[in-house]
Amino acid sequence: MSPTYDRLEAGRPPLKQAKRFGWKKFAIGAGLLLVLVWLFVPKEKRSISSWTGSPTWEPGNTPYEDFGELPLCNGTQDVQVEDHERDLGETCLSFAGVHLPLSGLHRFFFWGGGRGRRWWWYNAGPPLRSWNTAFHDSTFPSLQRAICAVLTIVCDAQSPPKRPPTKPSAADADGTVAHPDSFETDPDPSATTHCTKPHSSASRLVQYALMLDAGSTGSRIHIYKFNNCGPSPAYEWEVFKQTAQVPGGSGLSSFAGRPAAAADSLNILLDEAVHVVPASLQACTPIALKATAGLRRLPGSQAKDILDTVEKHIREKYPFALADKGAVEIMDGADEGVFAWVTANYLLDALPLTHPGEKAPPTHAVLDLGGASTQIVFAPAHDAPLLEGEHKYELEFAGKTRVLYQHSYLGYGLMTARASVHRVVDFMAALHSTAPHPTDESMPRIANPCISRGTERRVELVDGGKNPGKRNVTMDGADVGSFEACRKVVDLVLAKDAVCASRPCSFGGVYQPTLADAFPAKAGRVLLLSYFYDRMAPLLYPASAEKDAEAPEEVKATVDAIAKFAGTVCKGREAWLEHWGSHAGLMKELEDRPEWCLDLTFQHALLRTGYEFDGDREVMFGKKIAGTELGWCLGAGIKLVGGVDVQCRV
């Protein structure tokens, strides 16, 4: 007995009535009914062509829902379908010796197809949540389809099955139920509680968007629900799923030379989208895949082969709307930063639709710190000059054109910054030594002020020049770990004194208007994402480092507060015990990660020296806002559904 059958039947053996079914009696009765229907029912009602083909993907039609393998019903039959209960009704129709549930003119059950005997529910009325596979005409013999047509005409109306139980939504202060903020609390994912009809007759009431984030370490899908109650799409909730974390990564780039396997790795994500998005809306749900820098490292045509195979896989295997161009691609660095800016400002209600002459609210600067790069995006004050160039980005959003400054600093992500600091320390150590670098068998120990005092870290250095190669060294904090000393090394990495062709510059010779003028404190908040949050949140909320604990979604501090924490972390275990001795989780984290001294020092230098923020400037460290992940994905999803007509799949 299959596990599925065990779940549906509560462990009881299948009923055997079907085996005793009288097929001759059934066929004669069915034939007589078909003749009567053909003679007496108007032609437009006896046509079954409207439902015997593939599902109709128009709003208002919900295709076929698989209720699993069920016994023939007698009275009320409670059905367990993927942990959701449904009541099929208390009245059954006896037809040719078989008890069938009554169905209305727009709803009917039919039996057969697939694995064994299965009841299938068809609904052409108000859409319901769809759990399983769509019905295909070829699955069912024509006789069964004909019987279903008869039942459609002769059966009395019946209320639709009950919705599966949902988690309660959050309640407002006055006790009324708030709008659902997740898939689990949404009573009807094909409708909305915000309004009953769209703002424009040309729009759908509910619109979904799917964004696949193909990162270097894994792939993720973001399933977004919007409503069109207003003049622009309004975000309701998100479902997030990612591929398994495995050694070597599960990103598309880990399937180099195996494009078919790369495409198949996305099935677990795409299947989740099929489960979440109502079947009636799937053909009008746009989907896109954006790959980050991981694929760029693949040689030759390997990246293109993977993307082409993925695009073909989605078009042929899944019902969603994939644009003809640009739907599956490697994302430009400028877009990544701007989309992250859109996500944060949208969730903070800083991008409302404004009318001509109406003053828009202030927006917020967004700084993202990844492993290989860091991005900054902000809208300069109206009176702040902004030179022309690649850094200038004009964004059309919510009926308004916004001019943004953006730049992505490749090589200044946290992991690349670590490597750069270690190379500088190694170089400085070599200047004070006449001995050649030892081999791996006699791995040297190098005093490094960016490693917490009393700790050490084995690192791999890559040598260039005349003798390229890799070698391992032990970076030793010993008694030299120090925020002040580390800061001097980090300042060398930032190259603040690099040639600046167009002034003013931030670091690395990159033009950037001075933030004190272009984005003062009154202009808006500064939101720091990714590694900024990951390093500061546990220090500000030590309990979050414990198992099954989380820090708040938003954490605030001043720029110089980062320096104070860096000073404490760099001092080593004695200082940790004084500040966080009662938090075993954080203590273990600090002991296992000696480079946190380097990380925090680099973050402070990036903000204070690189971008020239004032030390008392308050910044906000964010991971989520109202339960939604921060990053570029929602911004890219909004672009899929906002400002353009979504093209449905035909």
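Every residue gets a Cβ built from N, Cα and C, even glycine.
Nobody curates TrEMBL annotations by hand; they come from automatic prediction.
Bear in mind that the values here come from a model prediction, so they are computed numbers and not experimental data.
If you check TrEMBL, you get these features:
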- 21-41: transmembrane segment (TRANSMEM)
- 158-198: region 'Disordered' (REGION)
- E336: active site, proton acceptor (ACT_SITE)
- G371, A372, S373, T374, Q375: ATP binding site (BINDING)
Task: All-chain count of other Cβ atoms within 10 Å of S373 (ATP binding site) - done: 21
- [ ] Rounded to the nearest Å, what's the C-alpha distance separating G371 (ATP binding site) and the residue listed as 'active site, proton acceptor'? Just drop the number here, would you?
- [x] 14
Task: binding-site residues compared (T374, Q375) - highest count of Cβ atoms within 10 Å - done: T374
Task: Residues within 8 Å of the G371, A372, S373, T374, Q375 Cβ centre (excluding the ATP site residues themselves) - done: D368, L369, G370, S408, Y409, L410, Y412, G413, L414, T416
TODO: Would you kindly give the Cα-Cα distance separating E336 (active site, proton acceptor) and A372 (ATP binding site), rounded to the nearest Å?
DONE: 13
TODO: Might you list, by sequence position, any residue in that chain lying six or more from the residue listed as 'active site, proton acceptor' with a Cβ less than 8 Å away from its Cβ?
DONE: T292, D368, Q375, S408, W632
Task: Mapped DSSP class for A372 (ATP binding site), helix or strand or coil - done: coil
Task: Other CB atoms within 10 A, centred on G371 (ATP binding site) - done: 17
Task: Neighbour tally for A372 (ATP binding site), based on other Cβ positions within 10 Å of its Cβ - done: 18
